[in-house]
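A.B. asks: Pulled these from Swiss-Prot:
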MOD_RES   T2  N-acetylthreonine
MOD_RES   K23  N6-malonyllysine
MOD_RES   K52  N6,N6,N6-trimethyllysine
MOD_RES   K92  N6-malonyllysine
MOD_RES   K105  N6-succinyllysine
MOD_RES   K147  N6-succinyllysine
MOD_RES   K147  N6-malonyllysine
MOD_RES   K147  N6-acetyllysine
MOD_RES   K155  N6-succinyllysine
MOD_RES   K163  N6-acetyllysine
MOD_RES   K166  N6-acetyllysine
MOD_RES   K268  N6-acetyllysine
REGION    235-240  region 'Important for transport activity'
REPEAT    6-98  repeat 'Solcar 1'
REPEAT    212-297  repeat 'Solcar 3'
Amino acid sequence: MTDAAVSFAKDFLAGGVAAAISKTAVAPIERVKLLLQVQHASKQITADKQYKGIIDCVVRIPKEQGVLSFWRGNLANVIRYFPTQALNFAFKDKYKQIFLGGVDKRTQFWRYFAGNLASGGAAGATSLCFVYPLDFARTRLAADVGKAGAEREFKGLGDCLVKIYKSDGIKGLYQGFNVSVQGIIIYRAAYFGIYDTAKGMLPDPKNTHIFISWMIAQSVTAVAGLTSYPFDTVRRRMMMQSGRKGTDIMYTGTLDCWRKIARDEGSKAFFKGAWSNVLRGMGGAFVLVLYDEIKKYT
């Protein structure tokens, strides 16, 4: 293998392992966030059974579905997240070579900053094309509030993908893809761009204390998450449309979804579950720091 291939493989492995560990740790927060986001578009959750907020959700889930249900959809998330993050991190460096070749970060700061934004956004959009059906399945499994057996909408990851494919075709597995690309570019641009720029401005980036790295990463994930959150809410709502027919369809398209949420639920609805998303972001910050630490030993 060439040095470039070895470097690519190390990036892929380090990013994937770090992501899988952190995602499993914050899976309960992730499920709470998803339920709050999509409950208005769920056929299973009627108006009288909707969750009032994070606390109500955390209290009711173990009572109604069991403690292990906090990790519902986590397997799909780990399977999805491993290649997603690994591809993001690996392609990020490839895109950096394209956008940042010959750029001096000390004398060409804004060009350096713009290059980091572009490389982060392009990496996120590229990987999304490959793993979107897994992201779709993770959302639908997490939104499934049935206790067990016949009450469940899907038996598992494979069952979810097969049922939606049979009812809606490949299009059903990519429901909400367009708005996802918009959101992922905004999120990844901030996630990678600001983080790399901030670290690059430090006196000795490779020997920065892990606490400083974590603080930078935490701030970046919080800002990036809140900035792109409305796009995430719309894409999750669109994912819930797959499998519906006729009068069951709530939104005719992405623009209709934006319009109806704003009209019927108010602008605050775009940020439902946002606070739990900030908490979940601690896992994202941990990924960035852990990735840098793993690379030091590979």
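Just so it is clear, glycine is given a Cβ too, placed from its N, Cα and C backbone atoms.
From a predicted model like this one, the values you see are computed outputs, not experimental measurements.
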A.B. asks: Using all protein chains in view, find how many other C-beta atoms are within 10 Å of the C-beta of K92 (N6-malonyllysine).
C.D. replies: 25
A.B. asks: Give me the DSSP three-state residue breakdown of the repeat 'Solcar 3' (212-297), ordered helix, strand, coil.
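C.D. replies: Per DSSP, the residues of the repeat 'Solcar 3' (212-297) fall into 71 helix, 0 strand, 15 coil.
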A.B. asks: Which state, by DSSP, holds K92 (N6-malonyllysine): helix, strand or coil?
C.D. replies: helix
A.B. asks: For the region 'Important for transport activity' (235-240), give me same-chain residues lying six or more residues beyond its boundaries with a C-beta closer than 8 angstroms to one of its C-beta atoms, as numbers and ranges.
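C.D. replies: Sequence-distant neighbours of the region 'Important for transport activity' (235-240): 34, 37-38, 40-42, 136, 139-140, 143, 175-177, 179-180, 183, 250-251, 254, 257, 261.
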A.B. asks: Let me know the most crowded of the modified residues, choosing from K105, K155, K166 and counting other Cβ atoms within 10 Å.
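C.D. replies: Ranked by Cβ atoms within 10 Å, first place goes to K105.
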A.B. asks: Under the DSSP assignment, what numbers of helix, strand and coil residues are found in the repeat 'Solcar 1' (6-98)?
C.D. replies: 80 helix, 0 strand, 13 coil
A.B. asks: Suppose we draw a 10 Å sphere around the Cβ of the residue listed as 'N-acetylthreonine'. How many other Cβ atoms does it contain, all chains included?
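C.D. replies: The residue listed as 'N-acetylthreonine' is surrounded by 7 other Cβ atoms within 10 Å.
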A.B. asks: Return only the integer: C-alpha distance in Å from K52 (N6,N6,N6-trimethyllysine) to K105 (N6-succinyllysine).
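C.D. replies: On Cα coordinates alone, these residues lie 48 Å apart.
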A.B. asks: Per 10 Å Cβ neighbour count, which of the modified residues K23, K52, K147, K268 ranks highest?
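C.D. replies: Result for the most crowded candidate: K23.
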A.B. asks: Can you tell me the CA-to-CA distance separating K105 (N6-succinyllysine) and K92 (N6-malonyllysine), as a whole number of Å?
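C.D. replies: Each residue's Cα considered, K105 (N6-succinyllysine) and K92 (N6-malonyllysine) end up 17 Å apart.
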A.B. asks: Nearest to T2 (N-acetylthreonine) in three-dimensional space, by Cα, is which of the modified residues K23, K92, K155, K268?
C.D. replies: K92
